[in-house]
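Pulled the feature table from Swiss-Prot, pasting it below:
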TRANSMEM  8-28  transmembrane segment
TRANSMEM  36-56  transmembrane segment
TRANSMEM  80-100  transmembrane segment
TRANSMEM  107-127  transmembrane segment
TRANSMEM  133-153  transmembrane segment
TRANSMEM  163-183  transmembrane segment
TRANSMEM  209-229  transmembrane segment
TRANSMEM  232-252  transmembrane segment
TRANSMEM  265-285  transmembrane segment
Amino acid sequence: MFKNYIEITKPGIIIGNSTLITGGFLFASRHAAFNYVLFIYTILGASLVIASACVFNNLIDIDIDKKMKRTSNRVLSKKLLPVFSVFNFAIFLGVLGLSILGCLVNFISMSLAVFGFFIYVVLYTMFYKRRSFYSTFIGSFSGSTPSVIGYTAVSNTIDICSILLFVIVIFWQMSHFYSISIMRIKDYREAKIPVFSVVKGVAITKKHIFFYVLNFSFFSSLFTFLGYLSYNFLLLSSIVNFYWSFLSYSNIKKNNDKKNARKLFYFSIIVIVFFNFLISIDVFF
């Protein structure tokens, strides 16, 4: 049973978001001493809130998950846990996480966690996901908050740098999840989820992926031109971003949609990990 409770928190998503939190935290720490205790509180608090949001997502999407091959074996789809207990578990995780952020980190980081939670659970999961192809865009605002939570945990302020970081991760989210929408288009059609690739078609989706990759690359470079990061960051990130742009542009003209979307999906993970690595270590260049 313990394993089932862990599974509904979606550990993979928590780990992925921890990368964003860590990148934002280290980025903001570039001109200050690294606070290990604050870092632990930030990771723990934010991860608990993310886990809570994921559990609520599982609860709300039970009917959808049963229809999709990829999710039909999830814990709640197979009724391995009582819904009431899962609901209480989600509340417990959320309250504990927000308490840690509010009491041991700062009010801004806690507020951002509330913002991200609301966007993901209420706007995305409960409303837009079932009704509009804009759901991915709405959800990307939630997916971008971990970076800023990490940043503001140190800075205790929302500045131009944190806003730029937020925007950059939105562009990454869009390209990343549009690739998923092509990979899993059959599942989304069967579950009647109006993702962009289903509503507008794969051809247009591939063009949009390229558009978002270009924007990610451009806005990333602004960190250097605005004086936040070094030219070493610009050089190294540009190499990776150029190849990502090449892949996404080539994908427009290729026919094997799922294969190429999968390639873009995996490379986008490399991109965001490398990006966070670079902003974390740039102070040493």
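Every residue, even glycine, has its Cβ placed from backbone N, Cα and C.
Keep in mind the model is a prediction, meaning the values are calculated, not measured.
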Are there residues at least 6 beyond the ends of the transmembrane segment (107-127) whose Cβ is under 8 Å from a Cβ of it, and what are they?
42, 45-46, 49-50, 52-53, 56-57, 60-61, 94, 97-98, 101, 135, 138-139, 141-143, 145-146, 148-149, 152-153, 156-158
With pairs fewer than 6 apart in sequence excluded, do the transmembrane segment (209-229) and the transmembrane segment (265-285) have three or more C-beta pairs that lie under 8 Å?
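In this chain the transmembrane segment (265-285) contacts the transmembrane segment (209-229) - 3 or more Cβ pairs sit under 8 Å.
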Please report, as numbers and ranges, the same-chain residues at least 6 past the borders of the transmembrane segment (80-100) whose CB is under 8 Å from any CB of it.
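For the transmembrane segment (80-100), the nonlocal Cβ contacts are 1, 4-5, 8-9, 41, 44-53, 55-56, 58-59, 62, 110, 113-114, 117.
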If we skip the immediate neighbours and take only residues 6+ beyond the ends of the transmembrane segment (8-28), which ones have a Cβ under 8 Å from one of its Cβ atoms?
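For the transmembrane segment (8-28), the far contacts come to 34, 39, 42-43, 46-47, 50-51, 54-55, 57-58, 74-76, 81, 86, 89, 93, 143, 146-155, 161-162, 165, 169, 272-273, 275-277, 279-282.
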